[in-house]
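Here is the structure we will look at, set down as structure tokens.
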Amino acid sequence: KKDQKLSRAQIIQAGVRAYFYVLVWMACSISVIVFNKWLLAYTKFHFPITLTGWHMAFCSCVGFVCVRVLKVSKSHNMSREDYVRRVVPIGVLYAASLWMSNASYIFLSVSFIQMTKSLMPGLVYISGVLLGNATFRWSVAANMLLIAFGVIVCGLGEENLVLEGLAKQLTALGFEATRLAMIEILINRKGMKMDPLQSLYYICPACFCALMVPFYFVEYEDVSTVVAADTLDIRPHVLLLNGLAAFALNIAVFLLIGKTSALTMNIAGVIKDWMLIFFSYFVFKAPLTPL
């Protein structure tokens, strides 16, 4: 009986702990999404590449401190050749995905962007098939087409649909799907799986360097003009808080997957999307139309 009571108590404790990690992850994820939306769409900080680059610079520094200084996570001691061949392509794809995703917040509502993310399983499957990472099956393809049809229905009901924003969001999803497939090919198959802290340490610097190219050609002149004229409403402490929020989200993902599973995060993600849709409606007044 004591053993039964002990096991029951352990189960309850594990369940409470899992719910806690889910709530922390949902809070961090919603905070980052809403924070980015506010910065890019409701202030004069219309610089998605700059914001993404700031996130990557901040996370690179934190990753270096955690891996090299505090030794919280181990280093893979990767050679320069392996880094260029395996990490840099993922960093470039991640940079493009984050850039396009943040840029879409300027044009689209948070609720609509969350709806388009339902396409991710299908895009990941297509990327896997094209890269030889998955086998094509008509049954799976039919399920993905059904999901795509649902997203199209949502798109038809969007009142404030901007085609430029939609194109950028779909491009971001395509880059992200390709990145996930490339991680499986270049990292996981070689036994080099990374936890989020290791990802910060290895991938974020490559991502930051990749972002410097479009930043120079697209935003450098505008950012320089705004800084020189001192017309930027955003103060440094706001950007610091935004970087901390992005870092906290990475840690929350690490805790959630490490203490529960990726399946738990995917299921909780559905609830998080519902919350974001209604949150967008009440905070940003994003319209919701009936079917």
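Cβ atoms here come from the backbone N, Cα and C positions, even for glycine.
The feature domain 'Sugar phosphate transporter' is assigned by TrEMBL to 19-290. What TrEMBL lists as transmembrane segment is 20-40, 52-70, 91-115, 199-218, 238-257, 264-284.
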Whole-number mean pLDDT, the domain 'Sugar phosphate transporter' (19-290), equals 83
What parts of the chain pack near the transmembrane segment (52-70), using Cβ distances under 8 Å and only residues at least 6 beyond its ends? 95, 98-99, 102, 197-202, 204-205, 207-208, 211-212, 215, 239, 242-244, 246-247, 250
